[in-house]
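Note sheet for the following structure.
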């Protein structure tokens, strides 16, 4: 067969022939009408598309399928579909998919041999990429791939690729299991080979056939059986079952990592096997156990390092020398340090026990060697521990016998060292392989059985996580980073944490004669004080690498940013300096370079590009000289620049006047120089005139001075030629006045050519000419033009030019002779009176130039505030700066990679409705009013645009009638809506159209103004305004379909730009419930249809539920729809049946997964609903996609990270804090992760995936229920584990919205923290922790789960410190220690407190912000921003945020309960009620804050050092700040949080909520009982260890009672245990009284109220009597009542907390109601404690105003009227 696919002689449509007399109904198509290849669609004009189509039609001699509908013109995909039973629409979908892939691959070839035939290289390259993972899987399992040689028959490449795509396209949820797809493909490829080669079946004697065939056979025989396995497991989990009890997607996928799967499942699938039955097959590969020990198990190397260093440091410091190396010279110290080997071996033993204890669920008959390895590792590590212990004891025994270090003792030391060397051999091997990483990669990737045997001991065999080592250069970079960091950390820890603790430790340890103030259970318990003292030190020691990482990464990120040339253009001044090089920069970066394919990527080209970038950046060399207006480069730049400015105007971030100042005008009026934007020429003419007036000398000297400034030179030349053209235009030709003016200019130009201008004319007269011209232009630009005034101004100008300007005054005769005066005197009329003819208003271009000339002449300031809009200024400066950054050269659009954008959508806002815009909240504020104040300048620009378009005549109210649609869109584009996201993504399409035009446009096209912009403007008219004035949701009227965008027929004649853009870009929005929205007549469905109608490249994918039979059964379909402009309605393109309900795991990844089959191209960008993009950034997408062809280290990228800009920072100070924190992470943070640390993952959107790489390896996210709740980051984990490479690029950005209210922010952080808790349990974290090299593992830990773990450790450090101090004070130890070994002034304690305070205040979070802002905005601006943030209480917010992270991370690991929390994306900041705040923060902040506050108060009362106020304050200030932050932050950052009236009503509502009874349909927002049930629900589903640990933690509350009762006066200093036991009688009595009163209230309060009052009275009398008796007959004092409350209330809370652990049991008993009553009492008590300081603050004068100022300071600085917003005192405009 020929090496090229030739097109057959005839091609017919596969659709059936229409019946006679009827019109054929065209099959709806997605991008290319493949069924009608003879149509005039622009995409079909490409030879590559025709070649790919022809290649797919080469069915030729293949066996004929048994399908009766088969005909000879069907293609290869039809053939596969007929034989293997694929769905028809799956075949249609993958046909277009494959065709576009082939065509785009062919387009990128340098020069195909035959343009009309598909190059075999293309099909082979595609097949290799699609099946690379399959081949790796086969190699791993040791089976031969069913891919037969394709050299003789290149058609096989197409068949293999098509088969895989068809399997993938119909696999539904199975797409999350890539090796499962490999298994399916393996067997179906074998059947395919047998078909193609004509095998004869041995049993039947007939030609071989697939294992199954028929309609939808693949779905029924393959997909549904495996899907049912996943569904049964997912249903059994119900979101609360322990992960170890059910199989998730990963478990089922990893079942296919064993060669045994071929026997265990078979082919065709044997449904009787255990795999298909619940409970027959257990977990595979990994068991997720809920335990904090996962942190140690996954990152054991880190903890071993920290523990061993701590041990060595303590041993060395114990000797007492100040310098460690002096201690290490002592032989005893050296030998003592050998104990680290005992510890090391013990830690290995502990690790082996952890492995066995957590992974026992993997043991089965199929894995006999696993239990052997677990047992062996435990035995060997235990033996090593024993051996080292024995050898160590023998050393000291010999030393004691010999009374010194004799030869025998040294010999035993040598023996120990020999054993240590053997023990260290594996570590030495690891270090050697780290130094030569390619050897490690080779060994891990190879599948030799001998290597399996050698590595079996160290780790389980795994298909992923092999060959993850980086190259030498990257190794060196991140190794230096971590070596430096660890050196600083360990030095700091030794001298400031460990060494200062030694002396107090020795003193306390040896303390004698301690007088305890309570009952002492154990002797020498002062040694426990050592533990109390060391605990916070050790906790900070274990986590402070996080602080050092923040410091090192900040400065490293700044260094990388500097070398990336970030922040070089920060403001308008720097923009002016660089603007003259923009055209060259844009030409170099954004325009393709013609070069031979062989040269691409060569060293010569790279070096040449480097030199060109150097010249470009610094304005050096000939290529970047000043460019004059006749150059194509300048005109091309002008087209792009003006399109950007026009886009800004359409977005209303520029005014019409600012457009005039910023645009590059067309080359008219024969100016002859680059017509720079007016903003650059401002004041230049005035400066030139003043220079000409002052400077005495020849023309050459003056002109040289002017030419030193390029803009001044251009301003002078343009002003002269523009004035000349203007005067000669408004004065009629063929008149004497016209000839006089012409002669004047001839004289001027002759004088200038002769360089005698300064001699022949008076330079001081130039200002008069200037003023006269300004007066003339003022008349010309006025709305009512008066010809008489124009004539007068011309007369005045003429007099100055003729009489005052020349150096030699001429007589009238001389003037007439020179042609400068009229030949005959005017009779009764003014000169110019009959000669002036003003052009009409229809000459828009003329008057725009007049306004430009006026601006050049009039402007005298620097215009540094243009554009006025901050967002416009930021975007212009970023885009301008990015042109000088390093980026790949752009290819032509035809040769660029094709890509898609995918956005998951559920039910968020699409476009704000009229009612939403007008409806007011409780403060009387509507969304529109709010937006008008937040975006005041943009609203003004919007109204100006509406007036220009004739929608608004006089009053703004008219917008509600004529411009409602535009108004709704304007508001929606400023919220976090789908319409904003779609508009942003469609800029890619518009940019591609324009770039396509520029790629092929000739010089004459550009010069004559054949801009794509004109086409775009017409299309934009349809895009922006729809059809005429149709509103969203209304059907268009055919009478107004004048735009060419309105029908598919006319779309075929738009030109190649349209076809190219469609081939290169697809936008799919996964609107999961769009079908049900349409059925329910949801307005959102109409709004989505509107978006499709106005955006050509937009497609919507949704899941359709269809009832079958009697309605008990449902079928589910993935459906793709688009808007057909020919039919003027939505049409269905594809409908692919699913095996069952879509959602088996997490909703968002399942939604993405069902829609990804409709995406196209080589790359896919994932964009969330809260994102935006910009036209100017879309121009750089070609450059970004070229990154896939570059090597970053030893690999090419598979995931391109993109910079984000958070656009929600201006709403409030809280939004600003969140924005600043997020911005520093998505810029500096990810920059460092990518380079030099090489551990950047996928942190959500908007990263760009190598689409084909990811779809063959499990997709762009993971979806297992709960464990993958943070679905996005698992794509990064998966990418790294499978050998991908993640990079980060900052020359392109997208917009991103964030939550702006404290409750929204807290729910988001709760979701992320819970997600990190689940990540900690996952197999991905474990594998990366073990498979990455040591330094990358450190980077990975401290930038993922380690950050949240260390945040929790900081909170634990606070607890350890305050509880430790409470123990010391209540026990009496503190007094003794103070006298003997004062630890309050200890350097280590001070260091620990300072480090904890630094983290608590968020200063280590702020450092990256300061560094990044310094880089991009300037150091002073960064410092000022930081000061403003502190003044606005940012530290309170960060302390509060720390509590949120710690609570939800810890609770998720301990008990589970991670769930998706919908935060909402609204931006109207409104007051939140006290009850709502209490519900959200009671358990995470309020109770913990109250606990620490009570401890600090008790400590102040009983501490020996509290008498010294300064010492007490110094010790506890950080803890008090935490208490205040955790209790008051929800009110400080709550609008009107300190309003007295609202606080009063809020507490009233809170009490109503507390006492509201629960019920079946009652929500937690309505009743405390329902909320309490939900809040404690995690204790119902937690595991055994979670319950045990919860009980242990709750026991701390009993300590208050034990410690305080001995300090009561009634105790009389008695330390007997009887005192404590008697105190329980008081608690018992209190409980009995509470139960009696509660019972009486429940029984009598409703009907027999007098009985209830009597019980209350008796109770009160008994209590008073008891108090009186105690006062009379004991040493009881009145203050003991309050002290007892502090002692007993925590005990009661502890009892409640412990009993709740047994919730499932107690709920079935009568005790449950009593427990609930107690819990309600405590919540009322907590509410009172929280509201008390709030009430005080609301009562104080000035506090509410100060709070408003703090919360909205940023908004105030931008002119917001927040006082009006908060009070609602506004004039209604509706």
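Using N, Cα and C of the backbone, Cβ positions are placed for all residues, glycine too.
Because TrEMBL annotations are produced automatically, they should be read as predictions rather than curated entries.
Bear in mind that the values here come from a model prediction, so they are computed numbers and not experimental data.
Among the features that TrEMBL reports, region 'Disordered' is placed at 1-28 (among others).
Annotation source TrEMBL lists domain '1,3-beta-glucan synthase component FKS1-like' at 155-270. When DSSP labels each residue, the domain '1,3-beta-glucan synthase component FKS1-like' (155-270) comes out as 77 helix, 2 strand, 37 coil, counted as helix, strand and coil in that order.
What TrEMBL records for 370-395 (among others) is transmembrane segment. Sequence-distant neighbours of the transmembrane segment (370-395) (same chain, 6+ residues past either end, Cβ-Cβ under 8 Å): 335, 338-339, 341-342, 345-346, 348-349, 351-353, 355-356, 359, 362-363, 409, 412-413, 415-416, 419-420, 423, 456-457, 460.
Below 8 angstroms of C-beta separation, residues 338, 341, 344-345, 384, 387-388, 391-392, 395, 458, 469-472, 475, 1194, 1333-1334 of the same chain, each at least six residues beyond the ends of the transmembrane segment (416-439), sit close to that stretch. Here TrEMBL flags 416-439 (among others) as transmembrane segment.
The transmembrane segment annotation in TrEMBL covers 478-496 (among others).
The transmembrane segment feature in TrEMBL is assigned to 517-541 (among others). Among residues of the same chain six or more beyond the transmembrane segment (517-541), those with a C-beta under 8 A of the stretch's C-beta atoms are 306, 310, 493, 497-498, 501, 504-505, 508-509, 511, 1353, 1356-1357, 1360-1361, 1364, 1367-1368, 1370-1373, 1376-1377, 1383, 1388-1389, 1391-1392, 1395-1396, 1602-1603, 1606-1607, 1613, 1615-1617, 1619-1620.
Here TrEMBL flags 1012-1043 (among others) as region 'Disordered'.
Summarising the annotation, TrEMBL assigns compositional bias 'Basic and acidic residues' to 1018-1030.
Under the heading compositional bias 'Polar residues', TrEMBL lists 1032-1043.
Beyond the ends of the transmembrane segment (1340-1362), by six or more residues, the same chain brings 295, 299, 302, 532, 535-536, 539-540, 542-543, 545-546, 549, 1229, 1233, 1237, 1239, 1241, 1273, 1313, 1316-1317, 1319-1320, 1325, 1328-1329, 1332, 1392-1393, 1396, 1399-1400, 1442-1443, 1445-1446, 1449-1450, 1492, 1495-1496, 1499, 1516, 1518-1519, 1522 to within a C-beta distance below 8 angstroms of the stretch. Taken from TrEMBL, the feature transmembrane segment covers 1340-1362 (among others).
Under the heading transmembrane segment, TrEMBL lists 1511-1533 (among others).
According to TrEMBL, the feature transmembrane segment maps to 1617-1638 (among others). Sequence-distant contacts of the transmembrane segment (1617-1638), counting only residues of its own chain at least 6 positions beyond either end whose CB sits under 8 Å from a CB of the stretch, comprise 519, 1601-1602, 1605-1606, 1611, 1655-1656, 1659, 1662-1663, 1684, 1687-1688, 1691-1692, 1714, 1717-1718, 1721.
The feature transmembrane segment is assigned by TrEMBL to 1650-1669 (among others).
Here TrEMBL flags 1681-1702 (among others) as transmembrane segment.
Per TrEMBL, the feature transmembrane segment maps to 1722-1740 (among others). Below 8 angstroms of C-beta separation, residues 1474, 1478, 1482, 1486-1487, 1490, 1527-1528, 1531, 1537-1540, 1543, 1547, 1550-1551, 1554, 1568, 1572, 1689, 1692-1693, 1696 of the same chain, each at least six residues beyond the ends of the transmembrane segment (1722-1740), sit close to that stretch.
Packing against the transmembrane segment (1681-1702) from elsewhere in the chain are residues 1491, 1494, 1497-1498, 1576, 1579, 1587, 1590-1591, 1594-1598, 1600-1601, 1603-1605, 1607-1608, 1623, 1626-1627, 1630-1631, 1667, 1715, 1718-1719, 1722, 1725: each is 6 or more residues past its ends and has a CB under 8 Å from a CB in it.
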